[in-house]
Amino acid sequence: MNFTGTPTGEGTGGDSLTTDMNTQFELANMAWIGVAAAGVWIMVPGIGLLYSGMSRKKHALSLLWASMMAASVVIFEWFFWGYSLSFSHSVRGNGFIGTLQFFGFMNVLGAPSSVSSLPDILFAVYQGMFAAVTGALMLGGACERARLFPMMVFLFLWMTIVYSPLACWTWNAQGWLALLGDLDYAGGGPVHIASGHGALIYALILGKRNDPVAKAGMPKYKPHSVTSVVLGTVFLWFGWQFFNAGSAGNATIRAWYSAMNTNLAAATGGLTWMFIDYFRFGRKWTTVGLCSGIIAGLVGITPAAGFVPVWSSFVIGLLTALGCNFAADLKNVLHIDDGMDVWALHGVGGCIGSVLTGIFAADYVNATAGSYAAPIDGGWLNHHWRQVGYQLAAMCSTIAWTVTVTACLLLILDRIPFLRLRLRPEEEELGTDEAEIGEFTYGEDTSYIPEPVRSKTSVQMPAPAEQIDDKIGPSSGSESGAGAENEKVTA
């Protein structure tokens, strides 16, 4: 083709029939971020496997369903207006929220994005995976007691009203936290602090799960499948190396430096949690403890990975795992049934990582991006003492916005009759899989239900086998006569 046009750098970036818009970008950078986007997506089913394994068997499929539903709803919302509200090239309210410039991906094509090394269309794909991960994480607060249709409605609204403004504040070049000086490399605030505190409020408003044994305290059940917990952790650790390394926005040394930080923090977090649990709980090397620590370390390093020296990622992994381990016990103090510990791992872990970023951020690590680097003053390692204050300001504003808006959304939805948030007690006892989906993770004895049990229908639990095994006499029209042997109906 005869390309004679010049990229405009705005709108669609030019007419693709007359302008080669690829000349504005390094193809290696685009190839790397495209691969990284696919790597981040695999974290979504990883979250589903993790949550499913941690739940009871009768709720296991609903958590796998929730992860795939989250990916579907969020990607549609991202196309509809989520990307525009987060990363439009102009913002409203002094960096508070984007415009509808890219509504329905209108004009999303070849102009440089908020990360100037990438075109809008590629940056939208990559950031859409971040949004899907955040939504899937947040839904963990609803485990084992939420109705699924209201969950979908809530997720769409939450991504619009909570996540999109936070992403704009933090990562849009004109966002107010970005201009303030907050350092958040890959999502300590918009992803982890937001999802963790959103899950906490979801769990609070839904109320405690029904537990006939521990009526006074918080319900605590053993994971039904530790294998699924391990597989979920494997998917998450794998995907996190794209999550953090891809956040460089290019294929420079900084990307690979952040990948090493990610692995070291994860390894340190896993070992730390496992050793703590060894001494706290019967001197056993628990697999769930190891996996929980790995995730805590990954959460802690997320805002810091592209800013801090490698040695500090060891400290970040250790301190984050330590803090998250003890935060997991706080649900008994708060009396909030966060069964998946989303708040303890992601809410608290994101806060710890954000503050430690302000301490360990170093200008020379950031500069490994070369010509792509935007200069920073660093943190306490560079004697920039204000940085921790900026981090605390970002952390507190993220928590305040998330908690307030999430609570308002849920309380409003719960008062709309067809959007009642929680299952009825008999449905919860039956299990979300049978009551809402009609399918099961494993081969169950219960017959397949062709459609979900409606919430207005009373669910009758089956009687024990010895009660059902009653004799039924022959009907008057039976050919076998009065002396025939009675038929037996078994459970």
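Counting starts with 1 at the first residue shown.
Note that Cβ sites are derived from N, Cα and C of the backbone, with glycine treated the same way.
Bear in mind that TrEMBL entries carry predicted annotations, made automatically and left uncurated.
For reference, TrEMBL has these:
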COMPBIAS  473-484  compositional bias 'Low complexity'
DOMAIN    31-442  domain 'Ammonium transporter AmtB-like'
REGION    446-491  region 'Disordered'
TRANSMEM  30-51  transmembrane segment
TRANSMEM  63-81  transmembrane segment
TRANSMEM  121-140  transmembrane segment
TRANSMEM  152-173  transmembrane segment
TRANSMEM  185-205  transmembrane segment
TRANSMEM  226-243  transmembrane segment
TRANSMEM  255-276  transmembrane segment
TRANSMEM  288-305  transmembrane segment
TRANSMEM  311-330  transmembrane segment
TRANSMEM  342-362  transmembrane segment
TRANSMEM  390-413  transmembrane segment
Distant-in-sequence neighbours of the transmembrane segment (390-413), which means Cβ under 8 A and at least six residues beyond its ends: 150, 153-154, 157-158, 161-162, 165-166, 169-170, 177, 180-184, 189-190, 193-194, 197-198, 200-202, 205, 350-351, 354-355, 357-358, 419, 421
Residues of the parent chain within Cβ reach of the transmembrane segment (121-140), under 8 Å, 6 or more residues beyond its termini: 30, 33-34, 36-37, 40-41, 43-44, 47-48, 51, 63, 66-67, 70-71, 73-75, 77-79, 82-83, 86-87, 102, 105, 108-110, 113-115, 151, 155, 158-159, 163, 167, 171, 187, 190-192, 194-196, 198-199, 202, 243, 246, 249, 338-340, 342, 346
Beyond the flanks of the transmembrane segment (342-362) by at least 6 residues, Cβ under 8 Å: 137-138, 140-141, 183-185, 188-189, 191-193, 195-197, 199-200, 203, 292, 295-296, 299-304, 307-309, 312, 315-316, 319-320, 323-324, 327-328, 330-331, 336, 376, 378-382, 384, 387-392, 394-395, 399
Averaged pLDDT, computed only over the residues in the domain 'Ammonium transporter AmtB-like' (31-442): 95
Distant-in-sequence neighbours of the transmembrane segment (226-243), which means Cβ under 8 A and at least six residues beyond its ends: 35-43, 45-54, 60, 130, 133, 186-187, 259, 262-263, 266, 287-288, 291, 294-295, 298, 302
Same-chain residue ranges lying at least 6 outside the transmembrane segment (63-81) that approach it to Cβ under 8 Å: 41, 44-45, 47-49, 51-52, 55, 100, 102-105, 124, 127-128, 131-132, 134-136, 139-140, 142-143, 148, 151-152, 155-156, 159-160, 164, 437, 441
